[in-house]
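Features of the protein shown, as given by Swiss-Prot:
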- 13, 14, 15, 16, 17, 18, 19, 20, 39, 128: ATP binding site (BINDING)
- 104: active site, nucleophile (ACT_SITE)
- 104-215: disulfide bond (DISULFID)
- 129: site 'Interaction with tRNA' (SITE)
- 215: active site, cysteine persulfide intermediate (ACT_SITE)
- 366: site 'Interaction with tRNA' (SITE)
């Protein structure tokens, strides 16, 4: 075992998945004193066929046993409902499409969890996210861990080395204090390497499927879940010519760019998947809360689905201050390729982005996240 971090305590968020399991193993190999924490962030439906919390904890405990570390079960459900889920519902009721995983990272995993870890005497926390952190001196030199502790360098959030798994988009609201206490070991690896390591180590969850979907919804049908908290308010579905062609169940249950579940047909004629025409599929293009109208269009390339700019609010910048106006790249949704853009400052915590190439289905409530090459600068919530 490498002893270079001997005596330093790090608390790892063990989710039951393979990424956090390998994270814990790597840190122990580096000489850290590792403690595992399993976070329970959702209280209801533990007996539901869709809830995996109990199974995940069993998997996390089995991992801790193999690695030889302590594990603690901590309940953050109250904090989650207050700081994340309440905002999630408010956004949907306002007709927007929020990303609760971004808020969960900022408020729970890197705030409530971090605070708990510090009370345990930890110097650092770690998670299985595919991202990286580095500390840069005022003169631009990249500092190692020892130098970073002794300097007032600036911490940067970088994309994970595996482009297919990069999760910096979800972490863009982290600040300097949070990043200074955070380690992302698997961000330096490809997912295939993580799986290989897990198998070589003999971790019991080495072949476990990656989790998908919003953390508190799991694999259950999203509309069924949302309907438990938001009442349905049916209204007209209209096309771009103003013709009523159907009825929606409530604007909160739809998002821009949505194609499935509209209930208005739309034949998938061969060769018409992305173009217009009478047989092209329908997409949600606009939501009018004032008239409770859902506007839809045919064809992936319809002008109503294309945007050359956006306005964002509630900006959060990793460096603590907004970058200077200029040219960057941005994502307006997860897994989107970086798109060249120009940043312009707005009033207060607002900003504007313009794109030389049109962006598809830019969605209010989602996040616009800025990048300077591999460095994630931060971002804000899309307003329009």
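Cβ atoms here come from the backbone N, Cα and C positions, even for glycine.
Overlay of Swiss-Prot feature records on the structure.
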residue	record	CB count, 10 Å
13	ATP binding site	24
15	ATP binding site	25
17	ATP binding site	19
19	ATP binding site	26
39	ATP binding site	28
104	active site, nucleophile	25
129	site 'Interaction with tRNA'	26
366	site 'Interaction with tRNA'	24
Query raised in the report: Relative to the Cα of residue 39 (ATP binding site), which of the recorded positions 104, 129, 366 has the closest Cα?
Result: 104
Report task. Could you find out if DSSP has the residue listed as 'active site, nucleophile' as helix, strand or coil? Result -> helix
Query raised in the report: Just the number: how many Å between the Cα atoms of residue 129 (site 'Interaction with tRNA') and residue 15 (ATP binding site)?
Result: 11
**Report entry** Most distant Cα pair in Å, residues 13, 14, 15, 16, 17, 18, 19, 20, 39, 128 binding ATP
**Finding:** 15
Query raised in the report: Where does residue 13 (ATP binding site) sit by DSSP, helix, strand or coil?
Result: strand
Query raised in the report: the residue listed as 'active site, nucleophile' to residue 13 (ATP binding site): how many Å between their Cα atoms?
Result: 13
Query raised in the report: Which of the three DSSP states, helix, strand or coil, fits residue 129 (site 'Interaction with tRNA')?
Result: coil
